[in-house]
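Feature annotation from Swiss-Prot assigns disulfide bond to Cys27-Cys35, Cys42-Cys71, Cys77-Cys96; the stated evidence is similarity to another entry. The annotation domain 'UPAR/Ly6' is assigned in Swiss-Prot to 22-116. Residues annotated as O-linked glycosylation site in Swiss-Prot, with sequence analysis given as evidence: Thr40, Thr41. The GPI-anchor amidated serine annotation in Swiss-Prot covers Ser104, and the record cites sequence analysis as its basis. The annotation signal peptide is assigned in Swiss-Prot to 1-19.
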Amino acid sequence: MKPQFVGILLSSLLGAALGNRMRCYNCGGSPSSSCKEAVTTCGEGRPQPGLEQIKLPGNPPVTLIHQHPACVAAHHCNQVETESVGDVTYPAHRDCYLGDLCNSAVASHVAPAGILAAAATALTCLLPGLWSG
């Protein structure tokens, strides 16, 4: 095999392996901690947690929203569980975010788009050399 082809193949495999992992802000669970400064890379099968919506019964019913601070296992996503506080039971809906750094109020999608553009440019420059002999 040509060395250029092997390089492209290895780069593609590395990009695919790392490209599936997302980053999330790790707030540490503390309201005073700065989420913008602590970034964690979520492992495969561990998407970013989303908002937990807790609907409390009453007149009128109340919905509490809680944002989880870090990556979670995929089986915890999109779940509805029953939680109890004293004599009151209520449903808790847990969803997960999809996308890089999306557990923030301002999601960042520039990095993945930039990586794709750079990869497309590199392939455009390198592929003609493979067929030129």
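The backbone N, Cα and C atoms fix where each Cβ goes, and this holds for glycine too.
Between the CA atoms of Thr40 (O-linked glycosylation site) and Cys77 (disulfide bond) there is a gap of 18 Å, rounded to the nearest whole number. Summary for the glycosylation sites Thr40, Thr41: the Cβ-based neighbour count within 10 Å is maximal at Thr40. Neighbour counts were taken at the CB atom with a 10 A radius for the disulfide-bonded residues Cys77, Cys96; the maximum falls on Cys96. Cα-Cα distance from Thr41 (O-linked glycosylation site) to Cys77 (disulfide bond): 17 Å (rounded to the nearest whole number). Confidence annotation: the domain 'UPAR/Ly6' (22-116) carries a mean pLDDT of 66 in the model. Cys77 (disulfide bond) carries neither a helix nor a strand DSSP state and counts as coil.
The two recorded residues Cys42 (disulfide bond) and Cys77 (disulfide bond) have their Cα atoms spaced 14 Å from each other. Around the Cβ of Cys42 (disulfide bond), the number of neighbouring Cβ atoms within 10 Å comes to 21.
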